[in-house]
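Asker: Below: one structure in structure tokens.
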Amino acid sequence: MSEMTPREIVSELDKHIIGQDAAKRSVAIALRNRWRRMQLNEELRHEVTPKNILMIGPTGVGKTEIARRLAKLANAPFIKVEATKFTEVGYVGKEVDSIIRDLTDAAIKMVRMQSIDKNRYRAEELAEERVLDVLIPPAKNNWGQAEQPQEPSAARQAFRKKLREGQLDDKEIEIDLAAAPMGVEIMSPPGMEEMTSQLQSMFQNLGGQKQKPRKLKIKDAMKLLIEEEAAKLVNPEELKQEAIDAVEQHGIVFIDEIDKICKRGGNSSGPDVSREGVQRDLLPLVEGCTVSTKHGMVKTDHILFIASGAFQVASPSDLIPELQGRLPIRVELKALTTHDFERILTEPNASITVQYKALMATEGVNIEFTEDGIKRIAQAAWQVNETTENIGARRLHTVLERLVEDISYDASEMNGQTVIIDAEYVSKHLDVLVADEDLSRFIL
């Protein structure tokens, strides 16, 4: 898990997300508290429960982006889900328990990659020996079995040197590689994951672990052999246990669009399959329960839950009281201003303007955004948000795409040219659309 301090986490988020300091501080503290808890003695560690977070703010202000960037920083099992995808138990649709199953699968993948990286040096040595065995087959005894010489021959050592220096990379060899397992996808009813897993294993193991000869360049063969040898060095049972432990102690679940499962005012007939029912099903997960997965039982007592929603129609008080109580930290994200839009266009690493410049540079076209051009783009996006639906920073993508549409279309014929996007250029291409509310509604 990450050992970054809250200040370091916020600093890293600042590289990609403009403003929203309160939200950044909250997630940074929550992430650091995961590390702090692990420094306590076992008895006290068990008593410290995570302080779950509810992020409230209009669409397009950075809620989902914070989650996306946090996933990369956490170095822990992390999953982002949409609350609207789930239905109450007993109805057609995904159950909320599948969140923990997916989180466990993510942890298995993460721990496997870490184990493979840990064993990579040994795997490279074994892969190298297999390639050398093909290039210089070892002598065989009377029974046709390969003999292991006391010391490597001079020829083998010479080939090893060439192999490490990359002189043999383009030479083709035929080598035996493990055949890909038979892919069998089985749709299982809820609660039957273990049986499904066993059936899949049975089908995959039909005929045993076959090896298939393949003709490859040495550099490609080495990559596949390293993966194969590294996988052999990983203990599946230890891997499962380590992954389950990582989920239970460090797991983070981000639930987006939680406002869409609030019970809205007014009388509604029929069962509330995907709203209040889902909240009731979420409650045990957030409070702490045990979920059965194909890898084993997973306790959710110390998993951190971060929920977010726009709450434009509903309000946080429309969530069921028990769920409100389990999301004690409330953070409000502010609507973006024109100044924020200007910063979004220029400050983040790989900002939208940098992306467009890089895309056009592949065709030999140089795009330059002037300061007044950036200001005019920001004003246009903000103005359209005010007069139509406010979709936050996402409006910048729409405006910029419209702005560079002609350049994108003609780029292949503009090799070597420079296009200056200043206030005049922006006004020429966008003013008519921005001024006409009907056109803005349908085009921008």
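Using the three backbone atoms N, Cα and C, a Cβ is placed for every residue, glycine included.
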Asker: According to Swiss-Prot, Gly60, Val61, Gly62, Lys63, Thr64, Glu65, Asp256, Glu322, Arg394 bind ATP; identify which of Ile18, Ile108, Ile218 is listed for that same site.
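Answerer: Record check against Swiss-Prot: ATP site with Gly60, Val61, Gly62, Lys63, Thr64, Glu65, Asp256, Glu322, Arg394, extra candidate from Ile18, Ile108, Ile218 is Ile18.
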Asker: My understanding is the cutoff is Cβ-Cβ under 8 Å with a sequence separation of 6 or more in the same chain; which residues meet that for Ile18 (ATP binding site)?
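Answerer: The answer is Gly62, Leu336, Asp340, Arg343, Ile344, Glu347, Pro348.
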Asker: Using other CB atoms within 10 angstroms as the count, which residue among the binding-site residues Glu65, Glu322 scores least?
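Answerer: If we count Cβ atoms within 10 Å for the binding-site residues Glu65, Glu322, the smallest count is at Glu322.
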Asker: Long-range neighbours only, meaning 6 or more apart in sequence with Cβ under 8 Å: which ones does Lys63 (ATP binding site) have?
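Answerer: Within the chain, Lys63 (ATP binding site) has Cβ neighbours under 8 Å at Ala23, Met55, Gly57, Asp256, Ser308, Leu333.
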Asker: Within its own chain, what residues at least 6 apart in sequence put their Cβ under 8 Å from the Cβ of Val61 (ATP binding site), listed in sequence order?
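Answerer: In sequence order, Gln20, Leu333, Lys334, Ala335, Leu336, Gly392, Ala393 meet the Cβ cut-off.
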Asker: Any idea of the Cα spread of the ATP site, Ile18, Gly60, Val61, Gly62, Lys63, Thr64, Glu65, Asp256, Glu322, Arg394, as a max distance in Å?
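Answerer: Overall maximum Cα spacing for these binding residues reaches 34 Å.
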